[in-house]
Amino acid sequence: MTQRLYAPIILLLVMIFLIGPFFIIVAASFSAGDTLAFPPQGFSLKWIAKVFTVESFRQSFAVSMFLAIGGTLTALLLGIPASYAMSRYKLPLSETVRFLVSTPIIVPGIIVGLALLRYFVIPVGLSITLALFLAHTALVLPYAVRVVSASLANLRSDMEEAAVLLGSSRLGAFFRVVLPNIRGGILAAFILGFVTSFNQVPVSLFLSGPGVRTLPIDMLGYMEIVFDPSVAALSALLAFLSIGIVFAAERFLGFSRYV
Amino acid sequence: MSDASFLSLDKLSLAYGKTIAVKELDLDIRKGELLALLGPSGCGKTTTMRAIAGLMTPVSGRITLDGADITRVPANRRNIGLVFQSYALFPHLTVFENVAFGLKLQGIGGDELTRRVDAGLKSVGLTAFSGRKTPDLSGGQQQRVALARSMVMQPKVLMLDEPLSNLDARLRLEMRTELQRMQKETGVTMIFVTHDQVEALALADRIVVMRDGAIEQIGTPEEIYNNPVSSFVADFVGFENLFAIRNGKLVAAGGIELDPAGPLPDAAGLAWRPRAIALGAGPFTGTVRGVSFAGGTREYLLESGFGTVKAEADVSVPGYPLNAEVAFDMPISAAAPLHRFG
């Protein structure tokens with residue numbers, strides 16, 4: 001009896017804790033006042049409109065998009081063949097590789113960022129853009145390998161053998177039979193990777209230079225100088241973008257099966 | 001090449017890493033025959049099938065097909081069909097596209113593709129399912145798609161891995177008939193792998209019984225059923241009472257010796273089916289420890305001085321109750337002589 005009473009209350013508290021801040025941000029972005037505040041003062045769309053006029057937001061949005069799309073695609077290009085090899089062949093070092101590939105999740109991002117800056121950007125002269133690209137690719141790689149491996153594990157290898165016996169080459173069987181059957185997993189990995197890269201702060205913190213910084217870092221910098229609701233408006237817009245992508249993926253691909 | 005050795009395996013040895021799975025196997029398969037590879041799991045039958053298909057490379061030995069050495073020919077150029085036990089259909093494709101897969105790779109398209117795929121689907125009775133995705137089909141239908149997908153390629157040899165084991169009793173009979181019909185109509189050489197002696201006896205023209213990576217016996221279903229050469233084959237095809245022959249005496253499984261009821265033949269052992277044991281009179285006695293009704297017959301477990309004997313008697317004769325003392329005979333004339341024992 002007590003269980004019936006407590007369970008919904010706990011659930012409600014968790015929901016408030018998880019989703020509450022999101023409603024505050026959304027509400028604050030519609031404020032008519034000049035400072036970021038909750039409850040909002042009045043109602044206007046002017047801060048949402050202002051987001052699109054800030055030049056640095058536009059630049060850093062482009063950088064973040066490039067990193068999220070380019071980094072995730074690169075991670076998939078590396079991760080798909082690696083996952084395939086580890087799932088189909090008994091390789092001597094596959095457990096080690098699996099672990100190494102996971103390290104970017106385990107090592108704190110701030111250390112990765114600092115290390116890249118201290119040992120690559122400064123002494124070697126690696127450009128900030130390239131350092132960011134490498135960091136984001138490495139960061140997304142574990143998701144690519146994990147999610148793609150999971151969908152490969154559900155795929156029986158005799159399907160490829162059947163394709164070979166019908167006249168296909170091994171490589172052809174991979175493209176004709178394996179790839180179409182793991183495309184849901186690949187898309188799931190892409191979305192996870194995209195969101196991870198796009199929201200990444202610690203790694204990117206040390207890696208910013210003239211005209212090159214990611215959107216979250218730019219938002220942090222902006223807030224230190226200007227404390228108006230446009231950051232809330234931008235956050236709300238980004239949140240709706242993410243929700244839209246996840247819903248579309250769930251609707252068309254059954255995203256939740258792969259994560 | 002003659003028709004008697006359309007497909008031949010010549011001293012074929014196969015291994016997984018360092019584990020030998022098949023040792024110097026020699027086997028000639030006739031053109032148009034329906035051959036069963038029969039044996040318990042781990043006997044090397046599936047491994048042999050995979051080697052014929054080209055899915056594994058032999059350690060040594062040769063495979064020739066239709067006069068050509070195919071030992072080193074890659075699997076995708078052998079034109080050997082294989083219906084997997086799991087069927088291995090492509091779930092992202094429709095029934096039509098599954099069957100069309102191999103033909104398309106040969107560059108066949110347009111009307112000819114449609115005609116040949118339709119003919120393939122028609123031969124397995126799945127014309128109405130052409131546009132369906134394969135995961136929506138029942139197990140029996142999936143198997144037919146797999147069969148059609150292999151058969152439209154007009155393979156030189158069609159192999160089937162445990163073709164009836166995933167089907168229920170009714171479908172099993174249907175599929176058995178269908179496979180035999182297809183084999184007669186197309187004349188394709190068919191090899192199927194099974195661990196079920198009933199399946200092998202019912203379907204095959206010839207049975208190869210395998211054990212520990214070697215051939216134990218080759219013969220027609222009648223030969224295998226009536227004249228097993230060894231205790232292993234006898235046990236596999238339902239001879240439940242096995243006795244070795246040593247120094248003119250019969251030796252039971254427990255090592256107890258007994259005097260035979262008559263002169264013994266020159267053999268390593270004798271085997272009786274349960275129905276060959278004569279109940280009611282004879283030199284031996286046993287206590288009934290189990291009775292089970294099996295339709296037209298009753299099956300008895302008899303505990304005798306030399307171990308358990310399984311007997312079977314017609315229901316038309318009066319039965320024996322549990323714990324009854326029964327006299328019985330194991331007539332030498334009704335026994336199958338075994339050339340190898342153990």
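Placement of Cβ uses the backbone N, Cα and C atoms for every residue, glycine included.
Feature annotation from TrEMBL assigns transmembrane segment to A:7-30 (among others). Within its own chain, the transmembrane segment (A:7-30) is flanked in space by residues 36-40, 43-45, 47-48, 229, 232-233, 235-236, 239, which lie at least six positions past its ends and keep a Cβ under 8 Å from the stretch.
Here TrEMBL flags A:61-249 as domain 'ABC transmembrane type-1'.
TrEMBL lists A:61-85 (among others) with the feature transmembrane segment.
TrEMBL lists A:97-120 (among others) with the feature transmembrane segment. Here the transmembrane segment (A:97-120) has Cβ contacts under 8 Å with residues 79, 82, 86, 91, 126, 131, 134-135, 138-139, 141-142, 145-146, 200-207 of the same chain, all six or more residues outside its ends.
The transmembrane segment annotation in TrEMBL covers A:126-145 (among others).
Long-range contacts of the transmembrane segment (A:186-209) within the same chain, counting only residues at least 6 positions beyond its ends with a Cβ under 8 Å from a Cβ of the stretch, are 64-65, 67-69, 71-73, 75-76, 79-80, 108-110, 112-114, 116-117, 121, 128, 131-132, 135-136, 139-140, 143-144, 146-148, 151, 179, 215-217, 220, 238, 242, 245-246, 249, 253, 255, 258-259. Annotation comment: TrEMBL describes A:186-209 (among others) as transmembrane segment.
Per TrEMBL, the feature transmembrane segment maps to A:229-249 (among others).
With a threshold of 8 Å between CB atoms, the same-chain residues lying at least 6 positions outside the transmembrane segment (A:61-85) that come near it are 91, 94, 97, 101, 129, 132-133, 136-141, 143-145, 148-149, 152, 174, 178, 186, 189-190, 193-195, 197-198, 212-216.
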